[in-house]
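Engineer: Before I ask anything, here is the structure I am working with.
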Amino acid sequence: TAALGEETLASASSSSDSDTGGASPPPRKKHRASAAEGVGEPGASTVLTGLSGVVLGLATHSQTTSAIQFNRSVVNNLSSMQSNGAGQGQESSELPCLNSAQNGESSLAGGTHSNGLLSNTDNGNNSVGTSNGSSVGPCVGTSTASMALNSEVGSLKKKKRLSQAEEDVIRLIGQHLHGLGLNQTVDLLMQESGCRLEHPSATKFRNHVMEGEWEKAENDLNELRALMHSPNAIVRMKFLLLQQKYLEYLEDGKVLEALQVLRGELTPLKYNTDRIHVLSGYLMCSHAEDLRAKAEWEGKGTASRCRLLDKLQTYLPPSVMLPPRRLHTLLKQAVELQRDRCLYHNTKMDNSLDSVSLLLDHVCSRKQFPCYTQQILTEHCNEVWFCKFSNDGTKLATGSKDTTVIIWQVDMESHQLKLLRTLEGHAYGVSYLAWSPDDTYLIACGPDDCSELWLWNIQTGELRTKMSQSHEDSLTSVAWNPDGKRFVTGGQRGQFYQCDLDGNLLDSWEGVRVQCLWCLGDGRTVLASDTHQRIRGYNFEDLTDRNIVQEDHPIMSFTVSKNGRLALLNVATQGVHLWDLQDRVLVRKYQGVTQGFYTIHSCFGGHNEDFIASGSEDHKVYIWHRRGELPIAELTGHTRTVNCVSWNPAVPGLMASASDDGTVRIWGPAPFQDSQEADGPHENCSNMDS
């Protein structure tokens, strides 16, 4: 061992005697073995002394600039020190640590990271090997450089300040995860992001409400008072708390305690006295089931307290406590908005998020829309003036100049139509049809010179009534009262009658030249367009009338939406207009259709009546989304004027059109094989013109 120490000293001495040349140091592997052998032996101190000499020698004679991949700022500092002569001839303990690897030579064990920072990985040895095989011991400079680097890494990793939107998103996610029971995940998310799910006072308040600790919850309200925008909110929130407390006492059979809450706590609030009277009546409930039924209350427990908390949260600012299930609400609104903006969305969808994918935007293809001819009905032998689906969508009635009405049966699975029966004998032809509310009867009217009206029993095919008040009458339009027991009819010669199913005259209105009729859902008001380019409302009970719509051109026909709010008018030389009957304003003018002085009938249709369709004198059928003025589809196939269109009320993807070319076309989605050849699986439906 002593000999080994002497050999090491000699080696160190020879190294220090030579500036540039000299004998090569022993191999790295052999030197490490020697050091290992000296640990714990009597010559170990000698070996360490020799190693120190090597370090000093290297520090004194090192003339080459280091190229270690440190952080750029550290390298610049070292270059500055070396250019000023630092490290040349100085016995510094820093430069040997920083310059322990030279250009092109291997670096420390563990190497440098890809970001240029030196790895401080320790492989179990306190020595750092250089490519020349010299062994360098630990030094103070290493720790100094590491501290500088760690400080810089810490500054690089310093968290970026979150924007308000980012904090809101984190809170929304946290609330959603909390609702799923992932509380530990929520805690970690809030800790790492530095956000707060809700105000600490709100958290206390929530816990006390859910645990039924009503006195503590009331005390929490005092802490929350300063955080509220509305001073009256505290009273309302306290009322809701005390109401829950009162009901829970009653359910538990604690009548005296409940009475004390009612008299001593709820009543002094002097808020919602009507509700207090209702609450006092619950004292008479004989058992808990009776109480829950009368109060429409879930009973004491988590369900009712959660519902209570949802109500209480509405009074707190969102910065204090988020509204309940806020992320779910936002996602649902996003889905509904996409659906509303979809030009071709025509199906009823479940409102729950489980029925849609949140990973893709909602889009419907035009191939799913009733733009394709599914069937051509050619049984009429002359112009077809009118068509109308029954209210249940199972039948279609068509009227023609050939004096017949044909009833078609709709196969609700295949959506194919077949002839059910033909109703004959309308000498002037059939220009208008109206189904009774229960689809039992069908009334047929003729053109301007027709004074007769036919009321058919569709189930039996028998003519129940053939009505004619005078040969000079013109009965060209008809509308059913919602009760199905009365109807109104009239024409341009000034007749306006209300009749029963047997054709008996119940009421009449003189001097009204009727172009088109419609009965509103109130059972009293009848809308009638007349020759004065207007629609007026007539009340047959008190014999009053009022102006509702005024146009500048003749109203050839009109129809009303199911809810009675909107009216769709075909106006001569103008096209199709949409009116709001309640506000009495023109909502929209639809473009594209050719409308002269022919009587053309348009209709609402599709799911939720989101679409509008109309015939046209240019032989086409036009379809618009109700909120867009430009057509989303122009259907071609007819060869003459399209007089009428009807959308099936039960099958949103089925529509019929009647034309002067003598045919009735049934429109539906593209056949399955064609739909596979669409421009793409999802067409863009978001660019709706408004």
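The backbone N, Cα and C atoms fix where each Cβ goes, glycine too.
TrEMBL: automatically predicted annotations, no manual curation.
Sequence annotations record features per position, and here TrEMBL assigns compositional bias 'Low complexity' to 1-23, 119-135. The region 'Disordered' annotation in TrEMBL covers 1-42, 81-135, 669-690. TrEMBL lists 81-106 with the feature compositional bias 'Polar residues'. Per TrEMBL, domain 'CTLH' is recorded for 198-257. Here TrEMBL flags 377-411, 423-454, 635-667 as repeat 'WD'.
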Engineer: Which residues of the same chain, at least 6 past either end of the repeat 'WD' (635-667), have a Cβ under 8 Å from a Cβ in it?
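Structural biologist: Same-chain contacts beyond the flanks: 346-348, 368-378, 380-389, 391-394, 396, 398, 400, 410, 412, 415, 417, 598-607, 611, 613-617, 619-623.
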Engineer: What are the helix, strand and coil residue counts for the repeat 'WD' (377-411) according to DSSP?
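Structural biologist: When I sort the residues of the repeat 'WD' (377-411) into the three classes, I find 0 helix, 19 strand, 16 coil.
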Engineer: Just give the helix, strand and coil counts over the repeat 'WD' (423-454), going by DSSP.
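Structural biologist: DSSP classes over the repeat 'WD' (423-454) add up to 0 helix, 12 strand, 20 coil.
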Engineer: Can you tell me how the residues of the repeat 'WD' (635-667) break down into helix, strand and coil by DSSP?
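Structural biologist: So the counts come to 0 helix, 16 strand, 17 coil.
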